[in-house]
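The structure appears below as structure tokens.
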Amino acid sequence: MALIDPRAGLSGIAPSSPQARYILPSFIEHSSFGVKESNPYNKLFEERIIFLGVQVDDASANDIMAQLLVLESLDPDRDITMYINSPGGSFTSLMAIYDTMQYVRADVATVCLGQAASAAAVLLAAGTPGKRACLPNARVLIHQPSLEGGIQGQVSDLEIQAAEIERMRRLMETTLARHTGKDPDTIRKDTDRDKILTAEDAKEYGIIDTVFDYRKLSAQK
């Protein structure tokens with residue numbers, strides 16, 4: 001078995017720095033309180049929307065957790081919506097976000113657009129029951145925690161790492177089982193290799209509850 005740093009992700013590689021993106025546009029808003037400069041992420045936050053659009057690592061996990069806690073403090077009885085388009089990432093960062101989602105009083109709705117792979121798929125499933133969704137062409141990928149590479153050390157060190165990998169795998173399986181209604185043994189079998197699901201497949205599997213229609217089409221009906 002090939003082993004590496006346990007901070008590596010469910011995707012099987014240690015998370016790297018997020019890729020550079022285009023410059024985030026800013027805009028001016030006028031209100032009775034005056035004029036302020038804003039950007040899309042600030043505007044989403046004002047609407048109680050959190051956007052996970054990068055891999056799951058310590059930095060993104062801290063950002064997500066901070067937003068969840070602030071939104072709960074502002075109004076613990078109003079829903080929070082988390083939009084997800086992520087390739088996954090660190091297992092420990094995943095569980096930090098997961099625990100915070102379960103900890104806050106507010107319901108956390110989850111919506112996948114693009115993809116929710118690996119760790120991100122668990123976060124998608126962890127939304128409040130009845131409030132988990134995908135857009136029509138989103139995809140979901142689930143698989144076991146898989147650590148690649150190599151480490152130097154004694155046999156006892158390798159045994160410790162192997163035991164930790166098995167613990168992580170069982171935790172992921174029981175977590176997915178809890179939120180999908182599947183048996184943990186079924187989850188283990190299905191995640192032994194990459195399992196790729198369409199939006200409808202994810203609904204049937206129990207990861208989400210709804211496949212959203214396009215708003216334009218809904219308005220025309």
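From the backbone N, Cα and C atoms, a Cβ is placed for every residue, glycine too.
Small disclaimer: the values here were computed from a predicted structure and weren't measured.
Among the features that Swiss-Prot reports, active site, nucleophile is placed at Ser118. Cβ contacts within 10 Å of Ser118 (active site, nucleophile), excluding its own Cβ and spanning all protein chains shown: 31. Ser118 (active site, nucleophile) falls outside any helix or strand according to DSSP and counts as coil.
Positions annotated as active site by Swiss-Prot: His143. The Cβ neighbour count for His143 (active site), using a 10 Å radius and every protein chain shown, is 20.
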Can you tell me how far the Cα of His143 (active site) sits from the Cα of Ser118 (active site, nucleophile), in Å? 6
